[in-house]
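Engineer: Provided herewith is a single structure, encoded as structure tokens, for subsequent inquiry.
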Amino acid sequence: MPEQKIEPAQAPTYSEGVEMQHTRPVASERTQTPSENEPSTVENARTEYREKQQLDTQRYLSFLASLAFSATLLASWETTGAGLLAGLYNGGPVAIVYGLIVSIVGNLAIAMSLAELASVHPTAGAQYHWTYVLAPYYPRFFSFFQGWITVFSWSALVCIAPFFIGTQIEGMIKLAHPEYEVHGWRSTLLMWFVSIIPITVNIFARRVLGVIEIVAGVMHVVFLPTVLGFLSHAPRSEHGFVWDTFIGGLSGWENPGVVFSIGLLGVITPLSGIDGIIHMAEEVENAQVAVPRSMVWGTVINGAMAFSYAIAILYFMGNYADALMTPTGYPIIEIAYQATGSKTATFMIMATGMMPGWIAFFNGLASVTRLTWAFARDNGLPFSDFFVKVDSRLKIPVRSLLLVSSCIFVLSLIQTGSTAAFNAILSLSTLGLYISYLFPLVSLVIARFTIKDIPRGPFTLGRFGLPLNLVAILFATYFVVFLPFPPTLPVTTENMNFAGPVLGFVMLCSCIDWLVRGRHKWSGPTMRYPRG
């Protein structure tokens, strides 16, 4: 297929489009051997079956709904509050304030770079599709390998909302009743409880999601000044404390650069998952325009809100040691209580953060379900024929949704035995996502030097593309290096960061699956282009 610029008016209508499998627009620019780039056999019956398993082609998410989806999915200021402990323990205010600046700049560069790719190929598979199109060597293997990482990372990421909400509920119970003992099995039950409604809505009322996104977007914006208004009643900290105070030595790490970098976990996580709206692209109106804009503006909005929230928290946080050592497990609960002196007001403040975070779970579940379904559609998962099935009445991949839901319930069981292990899974989600971003970004940079005419969509970075791509790669690499570090020294089984080993195990499993099944079954992602 010849390469061409896709104008906004040419945005593909998939019900009318031509599905072209195993097609790489840039293949003519490379020398490839059949053994490297085509499966050993083409299963015509299986392919025909997959072509029938398509989502409802009616697109029900408008640009406003997709922007609200992207903004609420990140839930930046809500997650910043929940993850304060990482920054307070490693680096203090400096790690939180300047770490957020690093996170915003890096994630915005990543969002803009991925948005340019999404403008050309707005597809649920996202990263592994783009890697297949752009990878200079072994595109089948690298896209398959990356698909495994992306699906697993999102399955772990979607656990963050129920984990935070469930454990924050226990923290508030601890505040109200100091004699209450926090147990992992209770947190697990609470995680299951808060997961039931989002799962049910995603199965039986998916068209309500568009309305939910807009309502959640309003809550996400309106609740922030409400929370800050409550906190403003607390005594104000000095400017020097907020902007110049670096706190080290609490975790056992002595190098200031390492301490600062480890403290970034709490401010990187709120802006990770910027690709969430891409996985819903096949249900977004005018996706080639709406999805890239939603990604970029969602990152800008969330970055500004997270930064404003963090600055306000530091100015009105009260006693630092009390916040750090709170028996509730969450500094934000102690900070809210110190600021208001009222348990009722504290519960209201926490509720305003938990509600948008809970609705973000609706979005995350929908996004990872579409990603999982897309990977199954392309035969990337074991038992893909089973999970690719789309319910004829509900018009959603119910089996993929139930697979993701099962992962949530299974992963939550780890909380009953080891909080450290579960926290490692949360770190794993962020680590895996940034690795998944690196694959298409590095491939895109290489393509800029090796391919004469790279396909362009309505959203293009123009001459700023290469510099932004390099900045995105730099920040993603920096994040990937430090995310697996243990938060404290000496390392024990209780404080070990298992993100690196677990991700390594997932990579090993993907390689084994490639050798056993993938190299025979995986022929690359389904590529769609507009007719004519």
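Cβ atoms here come from the backbone N, Cα and C positions, even for glycine.
TrEMBL entries are annotated by machine, without manual review.
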Engineer: Checking feature assignment: transmembrane segment per TrEMBL, candidates 185-204, 365-384. Which range matches?
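Structural biologist: In TrEMBL, residues 185-204 carry the label transmembrane segment.
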Engineer: Thinking of Cβ pairs under 8 Å, which stretch from 97-120, 185-204, 295-317, 396-414, 498-516 has the most of them with the transmembrane segment (253-274)?
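Structural biologist: Selected stretch: 97-120, with the most Cβ pairs under 8 Å.
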Engineer: Quick test of the contact rule: Cβ under 8 Å, at least six residues beyond the ends. What residues does that give for the transmembrane segment (420-447)?
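Structural biologist: Hits for the transmembrane segment (420-447): 26, 110, 113-114, 117, 127-128, 130-131, 134-136, 142, 146, 149-150, 152-154, 156-157, 159-160, 163, 265, 268-269, 272-273, 275, 411-412, 414, 454, 466, 469-470, 472-473, 476-477, 479-480, 483-484, 493-500, 502-503, 506.
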Engineer: Please indicate, using numbers and ranges, the residues of the same chain that are 6 or more beyond the transmembrane segment (396-414) and have a C-beta under 8 Å from a C-beta there.
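Structural biologist: Distal contacts: 53, 55-56, 155-156, 158-159, 162-163, 188, 191-192, 195, 199, 202-203, 206, 365, 368-370, 372-373, 376, 386-390, 421-422, 425.
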Engineer: Counting Cβ pairs under 8 Å that sit 6 or more residues apart, are there three or more between the transmembrane segment (498-516) and the transmembrane segment (211-233)?
Structural biologist: no
Engineer: Counting CB pairs under 8 Å, which listed stretch among 60-77, 185-204, 211-233, 295-317, 468-486 touches the transmembrane segment (141-165) the most?
Structural biologist: 185-204
Engineer: Do the transmembrane segment (468-486) and the transmembrane segment (185-204) come close, with at least three CB pairs under 8 A (pairs 6 or more apart in sequence)?
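Structural biologist: These two stretches do not touch.
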Engineer: Top stretch among 185-204, 211-233, 295-317 for CB pairs under 8 A with the transmembrane segment (97-120)?
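Structural biologist: Maximum Cβ contact count belongs to 295-317.
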Engineer: Go through the chain and flag residues at least 6 beyond the ends of the transmembrane segment (185-204) whose CB is under 8 A from any CB in it; none is fine as an answer.
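Structural biologist: Distal contacts: 159, 161-163, 165-167, 169-170, 212, 358, 361-362, 365-366, 369, 394, 396, 398, 401, 405, 408-409, 412-413, 415-416.
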